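The following features are taken from Swiss-Prot:
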BINDING   D17, D19, D21, D28  Ca(2+) 1 binding site
BINDING   D69, N71, D73, E75, E80  Ca(2+) 2 binding site
BINDING   D113, D115, D117, M119, E124  Ca(2+) 3 binding site
DOMAIN    4-39  domain 'EF-hand 1'
DOMAIN    56-91  domain 'EF-hand 2'
DOMAIN    100-135  domain 'EF-hand 3'
DOMAIN    136-171  domain 'EF-hand 4'
MOD_RES   A1  N-acetylalanine
Amino acid sequence: AYSWDNRVKYIVRYMYDIDNDGFLDKNDFECLAVRVTLIEGRGEFSPEGYAKNKEIMANLWNEIAELADFNKDGEVTVDEFKQAVQKNCKGKAFANFPNAFKVFIGNQFKTIDVDGDGMVGVDEYRLDCITRSAFADVKEIDDAYDKLCTEEDKKAGGINLARYQELYAQFISNEDEKNNACYLFGPLKEVQ
């Protein structure tokens, strides 16, 4: 479940493919704008926030389509996305990622940092994990969080934005299945 191939499939399936149709398209990013707006407002919908997020997500879709929609059909398949990650991200640090990936990673952090304190603690990590997978025991999630965090992370009270960016970059750019970044999104399942 922690192979590079499965991790990239996981990103497509659980982070971008909001409408669950098996590929990425403009609709996914329109849905992401609504999701991010509601999360940022903790359930309240701000028309101004939505307008901003809709523009950000439209730009993000355009950049991702430019990087990954190789056959220009308005859809990015899992294979196209993997090729784009391989070409643009694999073996690179966050600072060297295309802007589209950087923006998405920053937005992802904001949606996980529910209390807005600039840190993702174990409680927020748990909430993030249960939005994508089913767990019979919270210990499974807590064990993944312990594997993810370094002693410095634990002393700081969690993962800050810079650390999250570094971990996300390792998640999609590093093939090492033992890398602690493999646990960024919780215990992973094999993606079909």
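Backbone N, Cα and C atoms are what each Cβ position is placed from, and that goes for glycine too.
Feature map: Swiss-Prot annotations on the structure.
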residue: A1; record: N-acetylalanine; DSSP class: coil
residue: D17; record: Ca(2+) 1 binding site; DSSP class: coil
residue: D28; record: Ca(2+) 1 binding site; DSSP class: helix
residue: N71; record: Ca(2+) 2 binding site; DSSP class: coil
residue: E80; record: Ca(2+) 2 binding site; DSSP class: helix
residue: D113; record: Ca(2+) 3 binding site; DSSP class: coil
residue: M119; record: Ca(2+) 3 binding site; DSSP class: strand
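Take the CB of D19 (Ca(2+) 1 binding site) and look out to 10 A: across all protein chains shown you find 12 other CB atoms.
For D17 (Ca(2+) 1 binding site), the nearest of the binding-site residues by C-alpha distance turns out to be E75; the candidates were D69, D73, E75, D113, M119. Each of the binding-site residues D69, E75 was scored by how many other Cβ atoms lie within 10 Å of its Cβ, and the smallest score goes to E75. For the binding-site residues shown (D17, D113, D115, E124), fewest C-beta neighbours within 10 angstroms: D115. Counted with DSSP, the domain 'EF-hand 4' (136-171) comes out as 28 helix, 2 strand, 6 coil.
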